Amino acid sequence: MDEARPLWATPLQFVFACISYAVGLGNVWRFPYLCQMYGGGSFLVPYIIMLAVEGMPLLYLELAVGQRMRQGSIGAWRTISPYLSGVGVASVVVSFFLSMYYNVINAWAFWYLFHSFQDPLPWSVCPLNGNRTGYDEECEKASSTQYFWYRKTLNISPSIQESGAVQWEPALCLILAWLLVYLCILRGTESTGKVVYFTALLPYCVLMIYLVRGLTLHGATNGLAYMFTPKVEQLANPKAWINAATQIFFSLGLGFGSLIAFASYNEPSNDCQKHTVIVSIINSSTSIFASVVTFSIYGFKATFNYESCLNKVILLLTNSFDLEDGFLTVSNLEEVKSYLASAYPSKYSEVFPQIKNCSLESELETAVQGTGLAFIVYTEAIKNMEVSQLWSVLYFFMLLMLGIGSMLGNTAAILTPLTDSKVISSYLPKEAISGLVCLVNCAIGLVFTMEAGNYWFDIFNDYAATLSLLLIVLVETVAVCYLYGLRRFESDLKAMTGHALNWYWKAMWGGVSPLLIISLFVFYLSDYIITGTLQYQAWDASQIPTVRKRL
């Protein structure tokens, strides 16, 4: 089997495959949110510590297991012990769950990408109502970007109980996304190895372009100052450390079996320790780099909204008190407000309810993650840029590349154990197995294109994998160290790579990393128990903004 097993053309292909898989949407829309929530620059302290004690050791463990056993997750763990086949099966099942809903993000990226060629951008203005006498009421209550996302893209229902029909436009985009994934994995490592050059490198090109553009935007420095100003008190917040550990864990894609599958196509002599360090550093550096880009955009959006708010207040007071045009400015606004309140108390009290409280700090503190950041906050900023169509195309093309790169890893975690199975591969060629997996996933994924599909997406995203993956990786670590034997595994690694295993890796595998995983598992289990019934964020036109609902 070793002799017939396909191999990566070069070690660089393997590194790019790991980077393409690990560097995903979480780097762009989750890490900046955590920085915003947990102390800006001070969040990097727990993040880097967790990278050293959890991220790199567990990444090295999975790559080493895959390279040593030269099989997918099921075969690799069965080789270590016949009783551990269930660990591999669990990884395949979790990867299947992830693939079912994750590719819907790529479908949404396709949808926005196609609409990015319109002038003006369809989410930049509210549509007219049925009588064409004003703007749509739902859009006016929210914003044009929220309306386009919730009503035009998702056509979302008020609750999960009202499932509605499949939306044919997102459904076609989902089929297109799965077709693209199938073409990328059609020939195994031969085709995937070529695709990862694009999915790994192109997002960096777009991020670099966005960085240059972001830094030149008005107000970008406000966002960057907010990001890099450390709030040291957050270091005493346990949730900052828990979220840092969780971000590292899921960002590297541990437990899914994808890394084991990728490493199984390596030459046995490949230096997987060196590649572990490279992939870990690049992944974490990308998160920080993407945060700089994101916060420059945040700063522009927050400053734009803040100044728009001030201008509305100035216009209101100028018209209400018949002030001379240009007399009231941002610099003297507070002084004039105080004067008007004392000189014309009755008239000012009538106008006062209409005066908005404008605050740049509150605009910057508005924390959004996930699809809200990708499809609402970013589009809000893009619509106010010059040549907005160009920036929109670049942005959604980048999201698509990040999403497809992650899907290559997710599907590899499912396909490698299936193609390794002599029973299945004797009846079906690799292309047919890949096609069936994509077809089944696509058919089930149509559920997420229904009117209530986004609610199911949120529930799967929040609850489908967290506890399962923590348990899988905990069993993996214990199995290698105490069932297979750490000394035996160390001997295998030395025979493969010619390098002895140093004390750092042994200390992390043998004690620190498993204890950390147990702590995370206990925290999330207790959190789920305390929370009780599963919750989701619902969009109801009569209750804008969104409200929390229970199943």
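Using the three backbone atoms N, Cα and C, a Cβ is placed for every residue, glycine included.
Annotated in TrEMBL:
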BINDING   ALA22, VAL23, ASN27, SER251, ASN283, LEU402, SER406  Na(+) binding site
TRANSMEM  12-31  transmembrane segment
TRANSMEM  43-61  transmembrane segment
TRANSMEM  82-102  transmembrane segment
TRANSMEM  165-185  transmembrane segment
TRANSMEM  197-220  transmembrane segment
TRANSMEM  240-265  transmembrane segment
TRANSMEM  277-298  transmembrane segment
TRANSMEM  393-415  transmembrane segment
TRANSMEM  436-457  transmembrane segment
TRANSMEM  463-486  transmembrane segment
TRANSMEM  507-526  transmembrane segment
* Structure fact -> Not counting ALA22, VAL23, ASN27, SER251, ASN283, LEU402, SER406, residues with a CB within 8 A of the CB centroid of the Na(+) site are ILE19, TYR21, GLY24, LEU25, GLY26, LEU252, GLY253, THR286, SER287, GLY405
* Asked: Where else in the chain does the transmembrane segment (393-415) make close Cβ contacts, counting only residues six or more beyond its ends and a cut-off under 8 Å?
  -> 17, 20-25, 27-28, 72-73, 91-92, 95-96, 98-99, 102-103, 105-106, 109-110, 112-113, 116-117, 177, 180-181, 184-185, 192, 195-196, 198-200, 202-203, 206-207, 209-210, 253, 256-262, 374, 378, 382, 430, 433-434, 437-438
* Structure fact -> The number of other Cβ atoms within 10 Å of the Cβ of ASN283 (Na(+) binding site), counted over all protein chains shown, is 24
* Structure fact -> Per the Cβ under 8 Å criterion, with at least 6 residues separating them from its ends, the transmembrane segment (507-526) contacts 50, 53-54, 56-58, 61, 242, 245-246, 249, 466-467, 470-471, 473-474, 477-478, 480-481, 486
* Taking the transmembrane segment (43-61) as the reference, which of 12-31, 165-185, 197-220, 277-298, 463-486 gives the largest number of Cβ pairs under 8 angstroms? -> 277-298
* **Around the Cβ of ASN27 (Na(+) binding site), the count of other Cβ atoms that are within 10 Å** => 25
* Region pair the transmembrane segment (82-102) / the transmembrane segment (277-298), three or more CB pairs under 8 Å -> no
* Structure fact -> Per the Cβ filter (under 8 Å) with a sequence gap of at least 6 from its ends, the transmembrane segment (436-457) is approached by 96, 99-101, 103-104, 107, 154-157, 159-167, 170-171, 174-175, 178-179, 181-182, 185, 371, 411, 414-415, 418, 428, 536, 538
